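Colleague: Quick one: this structure, given as structure tokens, is what I'll be asking you about.
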Amino acid sequence: MCGIWALFGSDECLSVQCLSAMKIAHRGPDAFRFENVNGFTNCCFGFHRLAVVDQLYGMQPIRVKKFPYLWLCYNGEIYNFKQLQKQFGFDYQTLVDGEVILHLYNRGGIEQTASMLDGVFAFILLDTANRKVFLARDTYGVRPLFKVLTDDGFLGVCSEAKGLINLKHSTSLCSKVEPFLPGHYEVLDLKPSGKVASVELVKFHSCKDEPLHAACDTVEALPSAGFDIDTVKSNIRILFENAVRKRLMAHRRIGCLLSGGLDSSLVAAVLLKLMKEININYPLQTFAIGMENSPDLLAARKVAAHIGSEHHEVILNTEEGIQAIEEVIFSLETYDITTIRASIGMYLVSKYIRKKTDSVVIFSGEGSDELTQGYIYFHKAPSPEEAAEESERLLKELYLFDVLRADRTTAAHGLELRVPFLDHRFTSYYLSLPAELRIPKNGIEKYLLRLSFEDSNLLPKEILWRPKEAFSDGIASVKKSWFSILQDYIDQQVDDLLLEKAAEKYPFNPPKTKESYYYRQIFEKHYPGRSSWLPHYWMPRWVKATDPSARTLKHYKSATQE
């Protein structure tokens with residue numbers, strides 16, 4: 001996890017502009033570098049480093065003797081850099097996984113580079129010999145990237161939007177800052193003036209397609225016995241275990257978020273098993289947050305005892321949760337209701353990890369609900385085909401919702417997130433399965449995933465088959481959810497009259513509830529006029545929902561309803 005920032009063609013003094021780069025200092029607490037580009041006095045890179053690999057030569061922009069005309073600033077982890085070195089005979093000068101980007105580009109250009117990277121990444125690559133700038137972002141947008149490009153060719157790029165919104169430029173003070181699309185790369189011409197012109201924006205990978213880099217994966221071709229259920233279950237286990245294994249690459253301590261739900265529990269169980277296999281000689285720290293005796297805390301405790309992790313519980317008190325709302329919204333750069341609710345617990349547990357432990361590389365279960373149809377509303381899908389389409393839509397929009405939450409809440413505290421469920425090979429295989437295999441069965445969502453691990457003894461049966469809890473709900477007691485606590489507090493903060501006139505004040509995505517109005521007010525305070533960053537609110541499909549909480553859906557089980 002790092003923070004990257006770059007400007008091309010700035011009319012203003014760079015020493016003033018670089019103050020904007022300090023807005024993302026939290027992403028890299030270990031070191032900072034600000035570097036001008038030779039021959040282009042109005043172009044520069046800024047980099048905040050979290051040192052996870054190669055403590056000695058890991059500073060950026062990365063430049064190597066072999067390619068003196070290439071400059072690279074990237075945020076992410078490339079898990080197959082050693083396999084690519086072996087396959088193509090690359091001669092690395094550092095231990096930094098991202099160095100492979102320079103070698104791939106030199107060998108086959110930007111299309112091959114982006115397609116061959118197995119990992120999570122957002123990068124800015126400058127080729128001064130050919131006067132080109134390239135931007136690229138991984139398939140699911142696990143690593144964030146924003147850009148601003150003015151009509152006269154001034155380009156700003158940053159890991160978070162907050163590093164761009166206050167940039168000064170002669171022609172425009174409020175140019176459109178927008179997220180760079182996941183699974184895409186962009187080619188820009190660099191003019192002698194330092195300004196740029198966009199040439200093309202190309203989608204290099206779709207989540208359904210097997211990635212090009214699968215050819216040099218550590219797991220070779222899977223058995224091609226069609227969709228026989230035993231083969232499918234075996235393939236799911238093999239690919240998921242491989243997804244966790246490749247993410248063990250780190251020189252800093254590894255930990256794992258553990259809510260006690262299926263996804264984080266599977267990640268933690270497989271992670272601990274593999275850490276033992278490769279003789280990592282420290283215990284795995286797992287972290288849960290919730291109010292006293294909340295469902296998540298109790299379930300996480302059970303999982304931790306079963307797998308044998310060094311378990312930490314963070315007790316959330318209501319006041320602390322409410323006080324965190326504004327800093328959470330500032331970190332997230334969104335006003336989406338469910339994203340904010342779920343982020344508060346994750347933000348506070350990340351704060352605890354940073355202050356009280358030495359774990360830095362944090363595994364988590366993001367992406368599973370979208371991939372394996374884990375949301376409760378999937379029970380209402382009109383057909384398996386429509387459920388499959390919805391799953392793909394959710395995966396494409398992850399960068400606006402759950403992946404955004406997971407990145408910002410951890411990065412705010414200088415932690416690096418690893419999400420094995422979003423492994424390119426694992427997701428493309430799961431999405432290739434027949435639609436009817438992937439739907440909820442017997443009233444249980446993620447049925448196929450649970451079934452695949454039933455005989456593994458990785459988890460207690462009651463956890464493996466535990467029904468879905470929304471993260472923001474699972475951290476509270478069932479009888480008084482975090483959701484209802486928030487409603488009670490916000491009801492006192494927002495006047496009925498304000499809500500009545502909400503559509504006049506906020507015509508784009510107008511708030512429909514006091515809670516959404518309250519979040520929108522805070523968002524507009526920090527990011528005025530930037531509401532287009534969220535194209536629409538996250539809401540369940542096929543049900544007449546006015547709120548994203550799972551608790552409002554009929555299928556949701558709680559002690560008060562039984």
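Just so it is clear, glycine is given a Cβ too, placed from its N, Cα and C backbone atoms.
TrEMBL feature annotations, pasted as is:
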- Cys2: active site, for GATase activity (ACT_SITE)
- 2-191: domain 'Glutamine amidotransferase type-2' (DOMAIN)
- Asp97: L-glutamine binding site (BINDING)
- Leu257, Ile289, Ser364, Gly365: ATP binding site (BINDING)
- Glu366: site 'Important for beta-aspartyl-AMP intermediate formation' (SITE)
Colleague: Taking the mean position of the Cβ atoms of Leu257, Ile289, Ser364, Gly365 as the ATP site, which residues outside that list, in the same chain, have a Cβ no more than 8 Å away, listed in sequence order?
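Modeller: So the additional residues around the site are Cys256, Leu258, Ser259, Ser264, Phe287, Met346, Val349, Ile362.
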Colleague: Max Cα distance spanning Leu257, Ile289, Ser364, Gly365 (ATP binders), Å?
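Modeller: The span, Cα to Cα at its widest, is 15 Å.
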Colleague: Where among the recorded positions Asp97, Glu366 do you find the Cβ with the fewest other Cβ atoms within 10 Å?
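Modeller: Counting other Cβ atoms within 10 Å of each of the recorded positions Asp97, Glu366, the minimum falls on Asp97.
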Colleague: Only counting partners 6 or more residues apart, tell me which same-chain residues put their Cβ under 8 Å from the Cβ of Gly365 (ATP binding site).
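Modeller: Looking at Cβ-Cβ distances below 8 Å from Gly365 (ATP binding site), excluding near sequence neighbours, one finds Leu257, Ser259, Gly261, Leu262, Asp263, Ser264, Ser265, Leu266, Val267, Val419, Phe421.
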Colleague: What is the separation, in Å, between the Cα atoms of Ser364 (ATP binding site) and the residue listed as 'active site, for GATase activity'?
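Modeller: Rounded to the nearest whole number, the Cα-Cα distance is 18 Å.
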Colleague: Within 10 angstroms of the C-beta of Ile289 (ATP binding site), what count of other C-beta atoms is obtained when all protein chains are considered?
Modeller: 28
Colleague: What Cα-Cα separation, expressed in whole Å, is found between Cys2 (active site, for GATase activity) and the residue listed as 'L-glutamine binding site'?
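Modeller: Rounded to a whole number, the Cα-Cα distance is 13 Å.
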Colleague: What Cα-Cα separation, expressed in whole Å, is found between Glu366 (site 'Important for beta-aspartyl-AMP intermediate formation') and Ile289 (ATP binding site)?
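Modeller: One finds 16 Å between the Cα atoms of these residues.
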Colleague: How long is the line from the C-alpha of Asp97 (L-glutamine binding site) to the C-alpha of Ile289 (ATP binding site), rounded to the nearest angstrom?
Modeller: 33
Colleague: On the 0 to 100 pLDDT scale, where does the domain 'Glutamine amidotransferase type-2' (2-191) sit on average?
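Modeller: It averages 89.
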